[in-house]
Amino acid sequence: MAFSNAPLSVQELTDLALKYEYNPYIPLKSWLRTANFMQKEAQIYAAEGNDQQTYVLLYRHANLLIDRLQKHPQKSDPDNRRALSDATAGVTHDIQKMEEIRPRLKKRHEEWLAKKKKAQQKALHSIEGKSVRLVPQEVEGHRPHEKQLLDAVGNQSLAAKLAQREVMRRDAARRGVRQAGVSEEEESERRTGGVWGDWETDPRKGGEEDHDLSAQLQEVARLQGNGHRAADYSRPEPHTFSSSYNYPSVPHHGYQNQSQTTRSSLPARPPKELLPPTYDPSAFPPALPPKPPSTS
């Protein structure tokens with residue numbers, strides 16, 4: 001068996017030693033020959049100074065003789081019982097050798113963990129030190145096709161730092177809006193109506209932001225979702241322009257309340273006056289002449 005350069009812990013070596021296939025239908029004598037071969041192989045690795053291989057083989061040899069073969073179906077045979085007893089007597093030497101190796105394995109593994117942790121901290125400090133100086137140049141190029149994309153998988157600390165700065169910037173912007181005397185309701189209406197195109201900008205700073213952290217976060221998030229896919233720099237990205245004026249929206253309930261208020265403020269109409277009907281002589285035919293007096 002071959003190990004990687006990283007030293008394993010004692011528990012990991014123990015788990016590895018127990019990973020072998022045991023078949024109780026194989027004759028007991030065959031298993032005893034296998035156990036003898038394990039012990040000799042462990043002695044060779046011990047002479048070479050390979051503590052990990054030695055520990056795994058000795059632990060596996062002890063487990064096979066003490067645990068597995070004690071339940072073998074052919075154990076009751078007198079010859080097999082005597083051979084198993086002689087082989088089990090050598091397990092005491094295995095245990096003593098493992099107790100000798102265990103402290104060295106533990107120390108080597110702890111030293112490797114400390115070295116690995118130190119290297120990770122050094123790399124983290126290096127990334128955090130470069131984040132302030134290199135983020136504007138690396139993320140915000142002068143032109144879209146000159147942007148140097150960051151690897152989000154290898155710069156998770158930088159992404160978290162940018163997110164924290166963005167949250168702090170938005171919180172400062174909201175406090176500035178509150179200090180300017182704008183309530184939450186009015187702020188919500190203005191944002192809905194499109195009055196504030198840059199509502200998150202602090203009014204006292206006059207819109208002077210050194211870096212657009214939102215663009216940085218979007219760039220890093222895009223990399224996190226796409227993995228290590230290379231960007232296409234063959235053609236610059238088209239610029240998109242938006243209208244500088246946003247038409248505000250008028251809430252429907254406000255218009256109804258205003259109409260009802262206007263109607264309620266008007267005075268009641270006066271009653272209509274009854275005027276005499278007009279008389280037009282031309283609309284009627286002329287009167288008949290009087291009858292002549294009768295003569296009798």
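Every residue gets a Cβ built from N, Cα and C, even glycine.
Bear in mind that TrEMBL entries carry predicted annotations, made automatically and left uncurated.
Taken from TrEMBL, the feature domain 'USP8 dimerisation' applies to 9-111. Break the domain 'USP8 dimerisation' (9-111) down by DSSP state and the numbers are 87 helix, 0 strand, 16 coil.
The annotation compositional bias 'Basic and acidic residues' is assigned in TrEMBL to 71-84 (among others).
According to TrEMBL, the feature region 'Disordered' maps to 71-90 (among others). Only residues 6 or more beyond the boundaries of the region 'Disordered' (71-90), in the same chain, are considered here, and those with a CB under 8 A from a CB of the stretch are 24-25, 27-29, 31-32, 35-36, 39, 65.
What TrEMBL records for 174-296 (among others) is region 'Disordered'.
Taken from TrEMBL, the feature compositional bias 'Basic and acidic residues' covers 229-238 (among others).
Positions annotated as compositional bias 'Polar residues' by TrEMBL: 255-265.
Annotation source TrEMBL lists compositional bias 'Pro residues' at 283-296.
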